[in-house]
Amino acid sequence: MANKSLEIRFLFPLVLFLVVKLLCVDGKGFNNNGHKIRKGRWEGKLKMNFYHNSCPGAEDIVRQIVWKKVEANRSLAPKLLRVHYHDCFVRGCDASLLLDSVAGKAVSEKEARPNLSLSGFEIIDEIKYILEKRCPNTVSCADILTLAARDAVSYEFERPLWNVFTGRVDGRVSLATEAARDLPSAGANFTTLQKLFAESDLDVVDLVALSGAHTIGIAHCGVFGRRLLNFTGKGDTDPSLNPSYASFLKSECSDKSLRLNPSAVVGMDPTGPLAFDSGYFVSLLKNKGLFTSDAALLTDPSAAHIASVFQNSGAFLAQFGRSMIKMSSIKVLTLGDQGGEIRKNCRLVN
């Protein structure tokens, strides 16, 4: 029996390796259909160390400020990651989400309903202020946000988890109506999610990997409360939800009268809201995905299979980095592109 246990223990990593290899394309990324993932539209526009000559040390400044902030408040990591995600899915990664509304003009993205719970903007403001004093009119808000999101997640690992290609400029248009239309909803089904991601040049593997960002952070019960107490309008619970997890969520989200308390919060990953690891996927495969959009991943065979592979933290972290590089390159504006600028203040166009 001891020999058999030893054999299984050594065999499991080999099996996992073979599964990952089967899903990999040239060792560089997953693909849903066996074809090599084509390089992003940003290639040739962005590059590593873009500010090496124009603002030496800019990326170090971003990292130092972000790590200091996250060390003091670990909840900032998911907050900054979410701001970056919400920015990129509307008009691309152009920092349009950072713009405040201006009287007499259209309401900005920041005031769209899906963005009302976002926070962490003041950290981007602080970084921008320091970089403007050091290198005026040089480092874009879009690049600052992209770097800050990466560094916030990377803090616990004490090293960058993925490369950030820089050289973005900032957009001048920000519309709440576009945010309401383009941002994936926590209540979306798989078909809707796949369509929205495909429109941004992201495939099923990216969809699953980026959903893994839910391994950190919290959510208000009002966002998913219908799954618990009124799934079909008859006071029932979503049958796809793990019963024990549903009971736990009801206890956390209900007031003394057993009614939903929409302002109550729970960790998005039941294994813990702080560690950036594969806990989200381990829980998901036990039907403990918090949102309808999480559970939706299990309704598609390819997505469910990818999620099962991502129960291995190494496989998840590697692909998450690749998918973040793709996401952070959606519809980027660079120097010379119409409609772009280097803002002096991330909240206002020049």
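Yeah, the Cβs are placed from backbone N, Cα and C, and that goes for glycine too.
Of the listed cysteines CYS141, CYS221, CYS253, Swiss-Prot assigns the disulfide bond with CYS346 to CYS141. Here the candidates are CYS55, CYS93, and Swiss-Prot names CYS93 as the disulfide partner of CYS88. Recorded disulfide link (Swiss-Prot): CYS55 to CYS135, out of the candidates CYS135, CYS221. When you go through ASN73, ASN115 in Swiss-Prot, the residue listed as N-linked glycosylation site is ASN73. According to Swiss-Prot, the cysteine that forms a disulfide bond with CYS221, out of CYS24, CYS253, is CYS253. Cα distances from VAL90 (Ca(2+) 1 binding site) to the recorded positions ARG82, PRO184, HIS214 are smallest for PRO184.
Each residue in CYS88, PHE89, ARG91, CYS93, ALA95, LEU97, GLU109, ALA142, GLY171, SER174, LYS331 lies on the same chain as ASP87, VAL90, GLY92, ASP94, SER96 and has a C-beta within 8 Å of the C-beta centroid of that Ca(2+) 1 site, without being one of the site residues.
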